[in-house]
Structure formats: C-alpha cells, structure tokens
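What TrEMBL says about this one:
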- 70-666: domain 'Major facilitator superfamily (MFS) profile' (DOMAIN)
- 470-525: domain 'Kazal-like' (DOMAIN)
- 70-92: transmembrane segment (TRANSMEM)
- 104-124: transmembrane segment (TRANSMEM)
- 136-156: transmembrane segment (TRANSMEM)
- 195-220: transmembrane segment (TRANSMEM)
- 232-251: transmembrane segment (TRANSMEM)
- 285-307: transmembrane segment (TRANSMEM)
- 358-380: transmembrane segment (TRANSMEM)
- 400-419: transmembrane segment (TRANSMEM)
- 431-449: transmembrane segment (TRANSMEM)
- 551-578: transmembrane segment (TRANSMEM)
- 590-613: transmembrane segment (TRANSMEM)
- 643-665: transmembrane segment (TRANSMEM)
Amino acid sequence: MKGGGIENPAFEAPGAVLSRQCYSDPPSTGAGAAAPAAPASGPGLEEGPCGWGPCNPRALQLCNNPEGYLAAYSLLAIFQGIVVNGLVNISISTIEKRYELNSSLTGLISASYDIAFCVLSLFVSYLGERGHKPRWLAFSAFMLGLGSLIFSLPHFSSGKYQYGGSKLEDTCQTAGTTFTNATCSASTNSSLHKYLYVFILGQLLLGVGGTPLYTLGTAFIDDSVPKHMSSLYIGIGYAMSLLGPAIGYVLGGQLLNIYIDIQMPKRQDTTYTKVDQDDPRWLGAWWIGFLACFFAVWLLIIPFSCFPKHLPGTAKIQAEKISETHDDGSQVLVQTNNIGQSFKDFPMALMILLRNPVLMSLIVASSSEALVATGFATFLPKFIENQFGKTSSFSATLGGLVLIPGAALGQVISGVLVSKCKMSCKGIIKFMISTCSVALILNTVFLFAKCGNEPFAGVSETYNGTGTLYNLIAPCNANCKCSRSMYYPVCGSDQVQYFSPCFAGCASYIGNNMKKTYHNCSCIGKAKREKGSEDFLSEAVPGKCPTQCKFLPVFLTFFFFAVVFTFMATTPTTVAILRCVPDKQRSFALGVQLVFLRLLGTIPGPILFGVAIDKSCTLWDINECEIKGACWVYDNERMAFSLMGISAACKIITIIFVVMAVYFYKPPPLTKALPRKTSEQISAICT
C-alpha cells in the first residue's frame, strides 16, 4: 500500500545526515566523551515563533512544539491515506463501469501515484532538506487537495449516468412492433474513456503531494525531538497513516450505497427503470469522498504555513544528540565522511549502495512483496464482488476490514518480536524467510475457496441446448432485436442468468417501476426447483441469480492471516537495511529502496493484476459501435488461479532473494571484542 505500510522509511538526503553528524555532538565533559562540541545554534537552525511574518498570535504558540507539529502531520497522513489508499482503491470498480475502462487502464490510474513519487522522491528529499520543511508540507497539503479535486472532476463534466439506452425496451420486441433498434452514430460512440487522462493527472498530483510528507515530514520530526523520543513520535505518525486507508475503505464503502447522481431518474421518465444496489448497473457516489477531502486537506495548509523553519529548542536538542559513529575513530569516515556535501556526491553515494549485495537482495525482495500488496489493495474489492456475488459497497468494506487491520497487525507483531528477541541482522533476515514461507502457504486459499460461475445463458451454457457458447443470440431470441449495449441481467425460474429480459425472450412484465416480474419468456425452460405448478414457469426477475457459494468466510479468514504474515516482513526489512549499510548512508539507503519499491513493485503491481483480471473476462460491454468497454462477467476460476499464480510467483522470488541476503551477509569481525569499529569493519558489514 502507498503510505503507512510501504512508505514508512523516510528518506533523508545524504547532506542532511552529514550535517547532523558534524554539528550534533555535545562538548566533551569527561572520559568517554570524545565528540567535538557543536555550536549552540547549528547552521540554518532558524527557530522562531508560530505565525505569519509579524503576525504571531499568542494562542498559536501553544502549538509551536513537536506535539503540535505531530498533530498536523498525523492529520495530513490520515487524509493522504484516505484518498490514495482508501477512496481510489474502492472506486476502481465503479470508475471502470462509469467511464468504460478495462482493468488494465484502471491499474495504470492506480500506478500513476507511484510514478510521480518515484520520479520526485530523491530530488525532493535532497533539496527540501536544506529548505523550510513545514512549508514543504504546506505545499504537500495543497497538492493533495488539488489532486483530490481533479480526480472528482470527471463526475461533474461527464453528465448524468445513463444505465439504460434512451427509448430502448427491455422486453422482446417482435417484428410486428414499431420499435427500432439503436444504431451506431457519432453520439453513440462514447468519449467517456477520455477521462482516463484526468484520473491519471489527479493521481500524479497526489503523488507530488505525498512525496514531501513521507520524506521531509518524517525528517522534521527526527530533527525536533530527542533521540530516545524520535521512534515514539515517528511511530505515532505511521500509525495514523495506517488509520487513513481504514477510514477511506469504510467511508467510501458507505458512499457507494448512495446513487451516483444522488437522485434517481424521475418516475415520469419512462425510458429508465429504477435500479437498486443488487442491480449490476448500480453505481455509487464515488466522487463525494474526494470532494470532501479536497476541502479538508486544504485547511491543513494553514497550520503548516505558520510553523517556523525549526521548532523552539531544536538547536539545544541537536547539540545534545551524539552521533551514532562517534566511537568509530578518525578512520571511520574515510569513505563516507564527505559524501553528501554537494550534489556532485550523489552518483558516488548511489554506487556505494548499488554495489552492496545484501542491500540489493533485500530491496528486490521487498519490491516483490510490494507488487502483491499493491495489486490486492487495488483489486481485492473487485475480486470479492465478482467471486462471491456481493455488491460494490459491501465488497469494499470487506476488503478494508481484511487489508488494513492485517497490515497493521503484521507490522506491530514483527516489530515487537524483533525488539524483544534482540535479533541480530542475520537473525532478522532468517525471520523474514519464515514469515514469507507461511504467507506463501496461506495463499493456497485461492485453490479451495474459489467459486464457480452461476449458469449464464450464452456465456457459460447454451439456451436449453440451442445456440452456442459465447453467443447471446439463440433461436429463441433471434427475432427480438435485442441490444447488447444495455446490460440488465435477470434470473430465470430455471435458475439461469440472462443478459437482459430481451435475451431471455420475455414478451411482457407486470409490476411497478422498481420491481418487475417478466413473463412469457421463450428462452427460459422448466424451473429446476419446480414442484408441479405451471403458473411460475418461463418467468424471470431482475438481478443476478443468487450465488450458492459459501466459501467467503473461509477465504476472508485465510487471506487475513496471509496479509498479516506478508506485512510481518515489512518492519524487519527496514531494520535489516538500516543495519547492513554504513551509518551515514542509512537514510539514503531507505530512499534508494523507495525508488526500487515503486519501479519494481507498486507501479507494475496494479497493471499486472489488471491485465490478469481482464484475461479472465468472458463478457465485455460492447455498444452499438462494437467498441469494448468494461467487463460484465468474469471466469471466476480463471481469475482466482491467475491472482494466486502472480502472488505465489512473487512470494517465491521474495524467499529466493532473502536467502541470498543471508548468504551474502558477513557480520563485522571482532564486534564483541572491540568497543570501536574501524572503517574497514563497517564496510565489511554488508560486503
């Protein structure tokens, strides 16, 4: 997931690390205190009041402290998680249907955030380290709000949602009627798919806004609090970033219960039949959450713009901090002491990390895990909706209840185990092998907790032995002049699903505008559950046939624990990376991991999952102009096997590279015997 689960490591420019090492050690006060003294106010530590220029209200000074900044940071992290990891993911299925997009294109929409983050991460971190970090976060809030607004704009410019073609009858129209079927025209050839570029633009802006939040925002916390309190403050911020997606899934799921245009078409409009949430044509109000977040996030520009460049007391805190390498002696900085002072050092610092086999093995392993996590975060609601026959809103809620708590629980459990057991670097990597292996075993849930497709005439079975598969037209409806552009499924009394009443051969109906019962259906055979009564034969009711699959609780249970064990490798991976690189390159190593994480994981993940899901489609939405839109019906078994195959392959890749990291890792010699490390010993940690 983007945000709390995968973006937790904050990237700091190498120059920032070097600056703190050179100016953060206290003066020598006795034996063992060999660090040089630091100036009382380090270079660029511009402390000041909270306000705007000469306007510094006394009430604002109550927030001019780490606690006040953490509150603003946490709120921004929550809203970023709500939008990027919550609302976007649960809206994917609705956006596909509304704007006639396939899963491959919506996967590209999801990946656009990571593309922007990947491109800007290193540069924003490097340049922002020397700038005014709170104002960078004000810029972050502005871009996140703007991205939310842009993402919601297609709803306001695409007109009212038309789930049924104008003047199209849903019953069988024989040759004797005056009805004329719809034909292809310029107006029929929809341009809704062009809104794809608006969604991509919105995601790119959201990526621009998220970059300072998870790099400079976290670094500002580390600069402003004592060393022993840093992990607590950062941990609270990351916990809030995990809370955001949970709120987004629940809030977005409830919004999908509201009709997309708020009000249904009026009863006087005879060209439309009212739909309810069980109707596959139902679309929820996906756009409301984005519009609300736009206003809420822009309000956060105010607090971030009033914070000073450094909080009061930062200079004193920096002076009291002792460098982690202060015991290393004069030779420890031979290789890395001068790296990061200028942009010219960037290639050299990067090459040092890229030549580290342990680091690169861990990065590839974490990228493989990120590919699976992002793919399921994007398409798990869609999988539940199609596999188990649930509504979009209910599927989104279930997806959020499985993914978010599972990810949070996995990270907390692994962090506690690593800390309590005091694992060494090699022990941490071995622990990752065990968690990934268990997650691989749990992924077999797709093999036995899958659901077959319900009978669908013309798709999965013929029309009572007539017609052919994958052809909706059969002798029983050949003269009905049915339109494939209007998907209005009905369930026949024979427990077979039909594309529409017209394709079922239904000639009449009774009932009001909301609920109908179709009669005289020439394509519907004898009811499978018929008890001798002839009155209820050859009839159909709107909606899909109820699924007979009962595996949903089993699937959710196994998949929840698969998520837990998958994310149990996230925190150990970060700790192992921090321990296997030189002290002065720790933050840069996390930044390099972030870039590879997106290039190899979160960017191709949704696209790969989307392509796999599209390959399992058995019935596409095709209008009068023969233009393919979204998919209406999927082959459930093929979808389950495809997703399990991708997940299992990535898990195997992860295990292979973690085993390689154990093989390549060499601990520093004589660690226990020597209180101080030499530069050669540090470089030997991961080489």
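Cβ from N, Cα, C; glycine included.
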Which residues of the chain, 6 or more past the ends of the transmembrane segment (195-220), have a CB below 8 A from one of its CBs?
2-3, 7-8, 10-12, 16, 69, 73, 76-77, 80, 83-84, 88, 95, 99, 101, 105, 108-110, 112-117, 120-121, 124-125, 128-129, 133-134, 136-137, 139-154, 157-158, 234, 237, 587, 591
How about long-range neighbours of the transmembrane segment (643-665): same chain, 6 or more residues beyond its ends, C-beta under 8 Å?
357-358, 361-362, 364-366, 368-369, 371-372, 375-376, 379, 383, 425-426, 429-430, 432-433, 436-437, 439-440, 443-444, 446-447, 569, 576, 580, 608-609, 612-613, 686
Name the range, of those listed as 70-92, 136-156, 590-613, that has the largest tally of Cβ pairs under 8 Å with the transmembrane segment (358-380).
590-613
Residue distribution over DSSP helix, strand and coil in the domain 'Kazal-like' (470-525)
0 helix, 17 strand, 39 coil
Averaged pLDDT, computed only over the residues in the domain 'Major facilitator superfamily (MFS) profile' (70-666)
78
Under 8 angstroms, Cβ to Cβ: which one of 136-156, 400-419, 590-613 has the largest number of such pairs with the transmembrane segment (551-578)?
400-419
Taking 3+ C-beta pairs under 8 angstroms (sequence gap of 6 or more) as contact, is the transmembrane segment (70-92) in contact with the transmembrane segment (232-251)?
yes
Per the Cβ under 8 Å criterion, with at least 6 residues separating them from its ends, the transmembrane segment (285-307) contacts 50-52, 60, 63-64, 68-69, 72, 75-76, 79, 82-83, 86-87, 90-91, 94-95, 98, 134-135, 137-138, 140-142, 144-146, 148-149, 151-152, 154-156, 248, 251-252, 255-256, 258-262
Using a Cβ distance cut-off of under 8 Å, indicate which of 104-124, 136-156, 232-251, 590-613 has the most pairs with the transmembrane segment (400-419).
232-251
